[in-house]
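What TrEMBL annotates here:
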- 12-33: transmembrane segment (TRANSMEM)
- 20-67: domain 'Amino acid transporter transmembrane' (DOMAIN)
- 39-72: transmembrane segment (TRANSMEM)
- 133-477: domain 'Amino acid transporter transmembrane' (DOMAIN)
- 139-158: transmembrane segment (TRANSMEM)
- 208-227: transmembrane segment (TRANSMEM)
- 239-256: transmembrane segment (TRANSMEM)
- 276-294: transmembrane segment (TRANSMEM)
- 306-327: transmembrane segment (TRANSMEM)
- 347-376: transmembrane segment (TRANSMEM)
- 469-491: transmembrane segment (TRANSMEM)
Amino acid sequence: MAGGITDTGELYSPYVGLVYMFNLIVGTGALTMPKAFATAGWLVSLILLMFLGFMSYMTTTFVVEAMAAANAQLRWKRMEKRKEDDEDSSSGVSDSDVLLQDGYERAETRPILSVQRRSSANIFEITERVEMGQMASMFFNKVGVNLFYFCIIIYLYGDLAIYAAAVPVSLMQVTCSVTGNHSCSVGDSTKYNDTDKCWGPIRRIDAYRLYLAAFTLLLGPFTFFNVQKTKYLQIITSLMRWIAFILMIILALIRISRGQAEGHPSMAQLSGIRNLFGVCVYSFMCQHSLPSLITPISKKKHVNKLVLLDYILILAFYSLLSFTAIYCFRNDTLMDMYTLNFTNCEIISVAFIRYFLGLFPVFTISTNFPIIAVTLRNNWKTLFHREGGTYPWVVDRIVFPAITLIPPVLVAFCTHDLESLVGITGAYAGNGIQYLIPAFLAYCSRKDTQLVFGSGTVNKHLSPFRHSFWIVFVLIWGFSCFVFVTANIVLSESKL
């Protein structure tokens, strides 16, 4: 994430890649979607979900296209370097005064036709993992690169704030109860306030902050070190996630089939669109991780079709999860974290399942928090890095981890409104990462490819949305969303 080229890693089949992408996209955002569906109305939610899924798929193909263009650039530079070295060794005369260093200037004077003749079919093959930060450095100017890092950093801060709030909220809900037996009280008609008692004189908000402090003390130190996500950890968390999601869908369907459903969702409530938009954008987020996901796929000939199939499956899954939720539970009883609706004895009598679902976010989110924190810390380092420079020990090992950890913890300390946190993160930083950055990458990479390789060269991974209209459409949509969300927030605040 911090930029740069890394090893591709072990290759896997296209269908394994499909599963990995599914697991990447379907995460924390899915748990907040049922509440957002109920708030905005089922018809508006379904239309917006389908449209945003289509937009996310389009920008995913833009990123894949930019990855192919970046790989072609790297091959071209290596071939040029090899050619220069061969000429130097044979003639002893350097061409450095003739060949310009900048790719654009070089292309304007002499398109690399030799590269096209030698390997035009494979020049755009995606074999090296080029992260989005590196693509931004290749295709954007200095201002564009800084804006990219600013956007990705804000998004990761939002991610960490959501994680830092979700774990203490789940622990508070599972352990706190007015009656002293939470496992049979959450999810019913009782609405708890933060000032309600938890244990003796300890209020619920006090318990939340105690859990937040413990969470920070236990996982925060990992920000000061390097953390690598292991294969087995990924398998365990993915398995737990799917058990939890399938259980929730089945339990909701059973309750509906028995005539115990309490939900009567409205068709449309415009006031809920703002949060729904942010939640949907957040729930389709994968663009920033595509290089790590797409590059190891062994056969990429039909990668766009594979991604389309994934988005169709994810859309169906989100719809099933949300519709079963809004018809099973009343709107006013749906929790920000949907798993907490299943910690009620009336929903499920098996205590193990109640606690498993109630504590599910604690296990899965806790494993991701250190990884996201280290990623954010590395992005900060890359943003301020200067060629040939090094950071003092205090700055490298103390300052950067501290500015990574403290802000999201402070946000989580001030609020645990997960729906709003997800909505704002998705509506602003997520909007930039999912729409604006991929559109600019596609535009700049196409321009760069034409300048370097000539106008007749075709990127084999060119997006199906190859007409410039689609790039303009995405950019207009992205900027319009910024204006809409901001105006909605301002109008909502003015009414209070």
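Backbone N, Cα and C atoms are what each Cβ position is placed from, and that goes for glycine too.
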Among 12-33, 139-158, 208-227, 306-327, 469-491, point out the range having the most Cβ pairs under 8 angstroms from the transmembrane segment (347-376).
-> 208-227
With the transmembrane segment (12-33) as the reference, find which of 39-72, 139-158, 208-227, 276-294 contributes the most Cβ pairs under 8 Å.
-> 276-294
Which sequence positions outside the transmembrane segment (239-256), separated from its termini by at least 6 residues, show Cβ-Cβ distances below 8 Å to it?
-> 23, 26-27, 30, 317, 320-321, 324-325, 327-329, 338-339, 342, 347-348, 353, 356-357, 360, 363-364
Is the transmembrane segment (39-72) packed against any residues at least 6 beyond its ends, judged by a Cβ distance under 8 Å, and which are they?
-> 123-128, 130, 132, 134-135, 138-139, 265-273, 275-277, 280-281, 284-287, 290-291, 294-295, 303-304, 307-308, 311, 314-315, 318-319, 322-323, 326, 331, 419, 434-435, 438-439, 441-442, 445-446, 448-449, 453, 459-465, 470-471, 474, 477
Please indicate, using numbers and ranges, the residues of the same chain that are 6 or more beyond the transmembrane segment (139-158) and have a C-beta under 8 Å from a C-beta there.
-> 1, 66, 69-70, 132-133, 288, 372, 375-376, 379-380, 382-383, 407-408, 411, 421, 424-425, 428-430, 432-433, 436-437, 440-441, 444-445, 448
